[in-house]
Amino acid sequence: MNLFTPLMLTAMFILLLPIIMSNTQLYKNSLYPHYVKTTISYAFIISMIPTMMFISSGQEAIISNWHWLSIQTLKLSLSFKMDYFSTIFIPVALFVTWSIMEFSMWYMHSDPYINRFFKYLLMFLITMMILVTANNLFQLFIGWEGVGIMSFLLIGWWYGRADANTAALQAILYNRIGDVGFIMAMAWFLTNSNAWDFQQIFITQHENLNIPLLGLLLAATGKSAQFGLHPWLPSAMEGPTPVSALLHSSTMVVAGVFLLIRFYPLMEQNKTMQTLTLCLGAITTLFTAICALTQNDIKKVVAFSTSSQLGLMIVTIGINQPYLAFLHICTHAFFKAMLFMCSGSIIHSLNDEQDIRKMGGLYKPMPFTTTSLIIGSLALTGMPFLTGFYSKDLIIETANTSYTNAWALLITLIATSLTAAYSTRIMFFVLLGQPRFNTLNLINENNTHLINSIKRLLIGSIFAGYLISYNIPPTTIPQMTMPYYLKLTALAVTIAGFILALELNLAAKNLKFMYPSNLFKFSNLLGYFPIVMHRLPSKMSLTMSQKSASMLLDMIWLENVLPKSISLFQMKMSTTVSNQKGLVKLYFLSFMITLALSLILLNSHE
């Protein structure tokens, strides 16, 4: 166990070498991406040793290196928490990043700033490591903000495109909302338990934890793109494909789920928060699965499937199974990163074409990418004995045992069948049928960087689930017998989704596409959410301020109150004065009659 700490720290601090090198001449060298990739591969190999040691001994460690400051009883120091979650997650993150870095060497080879791109990706990985291994809330917050800012920089990588800039801004703004919740939780823990260390927070008895846990749930909603704060994730697809593969599938977006997993000792006592988490996850997983059904951008379909899987992880936390949620995080990282890399390979080969309606018949020119995409899609749907099966099947089985939450299970099952449907749709549109793209495109996937990186993740997508699930601690549910129809539920709904998609595909091939239905519009326009949330408030505030400015100031004050009121007053007076017709005889006669009458009256009085 003596080597556990130094090896883990070596694996983490070795990643700083390429960042330090960025001030030297090596940073200007074209081999810099190669150095970064090699560093990450070495870090992965080193990190596997302490992980194996942890699996064999099961002994957690807390490494405190450097004390920073003390405020009353609050002690802030640089400390790393090496428990089950961090020791398993670090090799997974390093393995996936290693493959993505190698893929980036092929995908971004013509980019003039490729060295800076690799440095950004590496900085992102380091901040993710800080987040995962943090032992106190302050350190976790540094990692949390770090992944947020790196996400912003990498989504807006092609800053010449307006869409990329707005997408980056959208990501940072939605995450800001989540950060408010995080800071609120930090402040609550500081004032109530006077501690930011996880151990102290967990052992302190608290009366009512709803407020801090709500803050943490809001933070997770922002970072993990849950319903309400979800629109930034599909927009983030404006960034380069390696960014989508690393940040928006395998590592950064699971940070929110990871935060809730970290705080599971507080969550498991609080039924209110569990119910809220369950509701949020169930709504997200269904809504995003519905949205994925009709999208035409290949990356957006994969992005929505990511959001749907994140919803499934949140559901798992809601039924008080943090270890299962963590298992799904680890298994999901492999096949989702591979799906993004396959779509990146297709996009790059078809000269940056992302519309699946303009693809088709790619199984002949791109056999390796096709194989990987199909295996990745099957792993995503939870086909038996691929990686996704080990976590997804367990989650649905566990949910089956909770009869109180049957509605959440039902929604999750519908989302699972829809997962199979949109995966099949991608396979049909992209890989099978006749080519619908420009035949002049030079399709070539025989590049070692591309093949090796996808091959590694392909092996992970087949075997990783078995290896990780074999080492998961026993969950709170004891081994029990189960009727076979409950046991086969997950598989049954997945197969139903496949059959449904096959039927729909045949119908779509043979029938003419008429005017889109309202349901199609709802799915295609993302449930009208961006329109309502992004366009409507700004339009309403603009029209309201315009109306108040034009009506109140211009019309009422500057027109009616001062100039028009004076003119109206004078007009009334002048009309009264000048209301004479010029009939002199009549006036004279009336004057004479009045005079005569008054004289008669005066004389008669005398």
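Glycine is treated like the rest: Cβ placed from N, Cα and C.
The transmembrane segment annotation in Swiss-Prot covers 1-21 (among others). Within the same chain, residues 27, 32, 35-36, 39-40, 42-44, 46-47, 49-50, 53-54, 57, 59, 61, 63, 80, 82, 87, 90, 94, 118-119, 122-123, 125-126, 129, 133 sit at least 6 positions outside the transmembrane segment (1-21) and bring their C-beta atoms closer than 8 Å to a C-beta of that stretch.
The transmembrane segment annotation in Swiss-Prot covers 43-63 (among others) and is backed by sequence analysis. Counting same-chain residues at least six beyond the ends of the transmembrane segment (43-63), those with a Cβ under 8 angstroms from any Cβ of the stretch are 1, 3-5, 7-12, 14-15, 79-84, 87-88, 90-91, 94-95, 98, 135, 199, 471.
Marked as transmembrane segment by Swiss-Prot: 88-108 (among others). Proximity of distant same-chain residues to the transmembrane segment (88-108), defined by a Cβ-Cβ separation under 8 Å and at least 6 residues beyond the stretch ends, is recorded for 8, 11-12, 33-34, 36-37, 40-41, 43-44, 47-48, 51, 114, 117-118, 121, 125, 128-129, 132-133, 240-242, 245-246, 250-251, 258, 326, 329-330, 333-334, 337, 341, 344, 348, 447, 449-450, 452-454, 456-457, 460, 464, 468, 471.
As annotated by Swiss-Prot, transmembrane segment applies to 117-137 (among others), with the evidence given as sequence analysis.
Remote same-chain residues near the transmembrane segment (140-160) are listed as 117, 120-121, 123-124, 126-132, 134, 167-169, 171-172, 175, 179, 182-183, 186, 219, 223, 236, 238-240, 243, 247-248, 251-252, 255, 259, 262 (criterion: CB distance under 8 Å, separation of at least six residues from the stretch ends). Among the features that Swiss-Prot reports, transmembrane segment is placed at 140-160 (among others).
Residues or ranges marked as transmembrane segment by Swiss-Prot: 209-229 (among others). Remote same-chain residues near the transmembrane segment (209-229) are listed as 144, 147-148, 174-185, 188-189, 252-257, 259-260, 263, 266-267, 269-270, 272-273, 276-277, 280-281, 283-284, 287-288, 306-307, 310-311, 313-314 (criterion: CB distance under 8 Å, separation of at least six residues from the stretch ends).
Outside the transmembrane segment (241-261) by six or more residues, the chain places 85, 89, 93, 96-97, 100-101, 103-104, 107-108, 121, 124-125, 128, 131-132, 140, 143-144, 147, 150-151, 154-155, 157, 178, 182, 216-217, 219-226, 233, 267, 277, 299, 302-303, 306, 310, 313-314, 317, 322, 325-326, 329, 332-334, 336-337, 339-341, 343-344, 347-348 with a CB less than 8 A from a CB of the stretch. Positions annotated as transmembrane segment by Swiss-Prot, on the basis of sequence analysis: 241-261 (among others).
Residues or ranges marked as transmembrane segment by Swiss-Prot: 310-330 (among others).
Sequence annotations record features per position, and here Swiss-Prot assigns transmembrane segment to 366-386 (among others) based on sequence analysis.
Swiss-Prot lists 488-508 (among others) with the feature transmembrane segment.
Residues annotated as transmembrane segment in Swiss-Prot: 513-533 (among others).
According to Swiss-Prot, the feature transmembrane segment maps to 582-602 (among others).
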Practice problem: Could you give the residue numbers and ranges of same-chain residues that sit at least 6 residues beyond the transmembrane segment (582-602) on either side and whose C-beta is under 8 angstroms from one of its C-beta atoms? | Solution: none
Quiz item: Residues of the same chain, at least six outside the transmembrane segment (366-386), with any C-beta under 8 angstroms of its C-beta?
Solution: 305, 309, 334-336, 338-339, 341-343, 345-346, 349, 392-393, 416, 419-420, 423-424, 426-427, 430-431, 443, 445, 451, 454, 457-458, 461-462, 465-466, 490-491, 494, 497-498
Practice problem: Could you tell me what the rest of the chain brings near the transmembrane segment (513-533), counting residues at least six beyond its ends with Cβ under 8 Å? | Solution: 230-231, 234, 287, 290-291, 293-295
Quiz item: What else in the chain is close to the transmembrane segment (488-508), if you only count residues 6 or more beyond its ends and a Cβ gap under 8 Å?
Solution: 381-384, 392-393, 396-397, 400, 413-414, 416-425, 428
